């Protein structure tokens, strides 16, 4: 048995014993007897070209229910009659992630959130040591900034392969293996003796750290219905942004202390290693096709009958899946107005966010903040992000109200309401910050309050854009989100190289104002798609038509 099967198979058996009925020898022996004797009292039979086909619903709790997915309708019809096809045991199958308890689902979301904080923390903590890195490794500050750039580009590149790989091999194994490799590359960062090694190591940290960003949406969709996702996704989305905010807060105190910049890598390595152990012990498989594969393996192992199978096992083709995912993502980003516009919006807020990691220390150093206090200046953004997350119940209540009013028929455009506020708060917060950061005339708390409104709008833009893309493209949403992730992180990585020169050359006021003017250009997007979104989706070859 290979390592993957050993890990996932054992976890499946352990998890099955918790959430569903155990297999009993009596039921399995009874099933084999019924199959051999053709006991019509317990099972239904349907004739096909091989003789009799048996539905196992009355005999085995792992065999019947909602059919597995297939792209071939005729193939679905034939396979649905196959006695050895393993599917759900009805709509209430306890192994179906949608049927797990609400508390257990949230426990899984918390685990994914912790993984996300670990990797996004790494994206920004590096910026705290750039000046020290330049000094110790005899490099310029712009060249030392390259490590931030390559990490973000790696984030974007990694989003393309890991989403389809998790659909092939399951969520757990992808989370576990990539987080393990991410942790190993922290050692390379801590031991680096030149900036080019740091840049390469940081790139691979980004690639293998991108998994929660690429797969979290899929994990949440495994567990929750679209209506439930209205409150789950905003709650989760606080963590991809809190990680980068925590980075400079902790990083500035580390580099200011006797520990020096290398400990930004060692701290990340220790934290990530602890999370790996946590994930290995507690994280279950949530991908439904993979769970069905484990069911089939369990049946083959327990009964000794190798005929049991799933559609996913027969149709699995990693090479074609990877090619299809990449070509689909590229196609969507160039041909779909919804993907193009909301990717642009996400890219703008990400660029602003990562420019702030370079700009805030410059701004607040003029207030007399020491290095540790400069990191604390990001608390305002964090407070705004948390406040946006706390608005989730009100957004969910509104969505339920619309859902009830329309008898369960709701449009993707109904997701856009929160952005009607967020789209204005973003430029307001930028101009507020730009023209109140006067150290000798205005107290530092005023721009900090402005940064809180930026954090609020940041989260609103993120979860509204994600929900709208998911609802608009449904089965193609992973490719659309992967394309958005690639573009926004690659662009953020490139722009981060010019953030410090921009603030030094333009000054605090105009550098921030430039970002404010760019965000003003994004204001019409939610209103345009609220008015014309349905027509745009009707025109599209790929979008969901209501």
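Backbone N, Cα and C atoms are what each Cβ position is placed from, and that goes for glycine too.
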Matching range for Swiss-Prot feature annotation, transmembrane segment, among 85-105, 106-126, 295-315: 106-126
Among ranges 200-220, 263-283, whichever one Swiss-Prot labels transmembrane segment: 263-283
Same-chain residue ranges lying at least 6 outside the transmembrane segment (231-251) that approach it to Cβ under 8 Å: 109, 112-114, 116-129, 212-213, 216-217, 220, 223-224, 264, 267, 353-354, 357, 360-361, 374-376, 378-379, 381-382, 385-386, 388-389, 391-393, 395-396, 455, 458-459, 462-463, 466-467
Interface check, the transmembrane segment (106-126) with the transmembrane segment (444-464), three or more C-beta pairs under 8 A: no
Tertiary contacts of the transmembrane segment (263-283), as residues 6+ beyond its ends and Cβ separation under 8 Å: 7, 107-108, 111, 114-115, 118-119, 121-122, 125-126, 128-129, 172, 175-176, 179-180, 182-183, 186-187, 189-190, 250-251, 254-255
